[in-house]
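Sequence annotations record features per position, and here TrEMBL assigns domain 'RRM' to 113-192. If you look up TrEMBL, you'll see 278-305, 396-430 marked as coiled coil. Positions annotated as compositional bias 'Acidic residues' by TrEMBL: 370-381. The region 'Disordered' annotation in TrEMBL covers 370-393.
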Amino acid sequence: STDGGRNLSLDSILMGLPMSDPTAWATAMNNLGMAPMGMTGQPLLPDFDPALGMMTGIPPINPMMPGLGIVPPPIPPDMPAVKEIIHCKSCTLFPPNPHLPPPATRERPPGCKTVFVGGLPENGTEQIIMEVFEQCGEVIAIRKSKKNFCHIRFAEEFMVDKALYLSGYRIRLGSSTDKKDTGRLHVDFAQARDDLYEWECRQRMLAREERHRRRLAEERFRPPSPPPVVHYSDHECSVVAEKLKDDTKFSEAIQTLLTWIERGEVNRRTANNFYSMIQSANSHIRRLVNEKAAHEKEMEEAKEKFKLALSGILVQFEQIVAVYHSASKQKAWDHFTKAQRKNISVWCKQAEEIRNIHNDELMGIRREEEMEMSDEEIEDPSEMKETEESALVSQVEALKEENDSLRWQLDAYRNEVELLKQEQGKATRDEDTTKEQQLKLLQQALQGMQK
């Protein structure tokens, strides 16, 4: 759009200016690579689908193209586009010299919908300006100056590109050659506050939509928040009590029960209900223990199955290694080539390494099983300690009782000895010595029993 019509896109130059000579207009549209349009804005080719050309980027078929080829020969970029004469109802537009450089344009403002049109004829009216530029698109407003220029605001931005196509055209009102009825159009981008405001509003709206899309994407990957716990009531208490008895809803119900207790819902009136719910939670332990036992059984079965499979694999590895060893013996080894011997040696080494790895793994499993069995045979040290302590306590009590009985026997013997001494005071010395010896022996025996 900045070079006066050389590099115009297809969707920005679909002009349908009415004219008196359809063939000339078709030639002009063909030179621009556009679908030819008639005076009423209808395409000259009724079977042409403009959406197809726009979607695929393929220039449409037109009657001026030689043959039926869809893709025309490429036009060199330095070749200027040939502009044709445009006939309007009350004026005629003559194209500029194709060898002249394209008219200069300023930098395009963001969201530009307004163009500056200079070089208008002195006798040009708003009606003539509207007649020329309304075919570029819907005109919102025309602000004409007393001098030979005006500003035109379009409804959409792409209409500005169509208007810039007319830059450089010479305009003549009717068939008059008067200087006041002629002029050279200069169309350029114009900076308008309304255009900038609308563009900024649209950018803010796009930014809001982008933030909204990003927020939705983040929420899609964010884990859902847990549902709020209902407040305690007798009805909700009965519902939670039923859920506690259901294995599938136990986790949800136990969380609700925990929240209620932490909130302080337990009081004298509700204590019995809470006790029954806690009792239900306690009875759930039995099911969990059974479930753990079932899982342990499955794990043991899987271990056994894996051990059997590993044993079978190890047997086959042993057979393969035996084949390599047999092939390495002199009787068969001499008949192989050097490359074959090298491969057999490498294979044998790899097979032995893999076999050793599997063998170590199997031996490790067996050692673990033996250690588990030995651990089961050995009693729990805490239980052993308790049994030993209880045995020591009982043994100490028995020894105390025995010591007491021996002390009483010793006192009785001493009393007897005193009585014997008093009764047999005149006994012989030998008898006394024998009695003393007997008494000493008896005392020693009692001391031994005490110890």
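Every residue gets a Cβ built from N, Cα and C, even glycine.
TrEMBL does not curate its annotations; it predicts them automatically.
Residues 241, 244-245, 247, 250, 254, 257, 365 of the same chain lie 6 or more positions beyond the ends of the coiled coil (278-305) yet place their CB under 8 Å from a CB of it.
For the domain 'RRM' (113-192), the DSSP-based tally of helix, strand and coil residues reads 21 helix, 28 strand, 31 coil.
On the 0 to 100 pLDDT scale, the coiled coil (396-430) averages 74 in the predicted structure.
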